């Protein structure tokens, strides 16, 4: 199969974007994995697909596949690239669009300075809805938030972490660290991601508080490993920090790929807003093997 694609990145989180507004490509999980492969394919953290409106009041459908070929609910950095793509390709003339995802409707807005702000919707803090299994666990309360003990099997020390659990349409476990540069992301990230208390697996966030308006963050993403940035991870980390009484309503999030701005008023019904860059890297064509 011969297809056209666009390579994009948002704060270093990189994507292959596919246009299915004129018809479905019908790719298999193995073909998505091929596209994401950095040696044999194009290379990307996720594959983003643009599909036509699925219903009234919606402009587009936004479909996300991780590098492992699995479909996921949400990707914040990808949402910014999605909005930039449909505008640059002439698929819309609107500055604000309404986009259907597996997790619900989001509303990216292209700002005058070239960045994109995305209304990421309301965070979910009820553990069962993240989902996170709290059976037999007692939370540690801090501020208006909670941290939950998470025992990591297979660690020499049988370490127990304290994590705040948040869903931004996809599940996140956020832990506070003194220094993200020395955090054991490669060692504990896979253990947290596949921990049995997270039945849908989880994105593991490592959050360093610099001050009440500035943090540093690394994320080991479910199905992708550590990425240079994770938009929903930044949202979840800031929500956790605000609930724990550590952060103000606007926070600058330094990722390894760039800077994101997260705004949240702090109420359970308040949406989280994420602002950051979205850049086209190159356009291309590729032959995808039919049998993989």
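Every residue gets a Cβ built from N, Cα and C, even glycine.
Straight from Swiss-Prot, the features:
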- 75: active site, proton donor (ACT_SITE)
- 230: active site, proton acceptor (ACT_SITE)
- 13, 46, 66, 76, 77, 170, 203, 221, 222, 231, 232: substrate binding site (BINDING)
- Message: Counting Cβ atoms within 10 Å of each candidate's own Cβ, which of the recorded positions 66, 75, 222 comes out highest?
- Response: 75
- Under 8 Å by Cβ from residue 203 (substrate binding site), same chain, sequence gap 6 or more: 170, 171, 172, 173, 193, 219, 220, 221, 222, 230, 232, 233, 236
- Show, in sequence order, which residues other than 13, 46, 66, 76, 77, 170, 203, 221, 222, 231, 232 on the same chain lie with their Cβ within 8 Å of the centre of the Cβ atoms of the substrate site. 45, 64, 72, 74, 75, 78, 219, 224, 227, 230, 233
- So which of the binding-site residues is most packed in, judged by how many other Cβ atoms lie within 10 Å of its Cβ, out of 13, 77, 232? 77
- Query: For substrate, with binders 13, 46, 66, 76, 77, 170, 203, 221, 222, 231, 232, what's the maximum Cα separation in whole Å?
  - Reply: 17
- Task: Report, in whole Å, the straight Cα-to-Cα distance of residue 75 (active site, proton donor) from residue 66 (substrate binding site).
- Result: 10
- In three-state DSSP terms, the structure that residue 75 (active site, proton donor) belongs to: coil
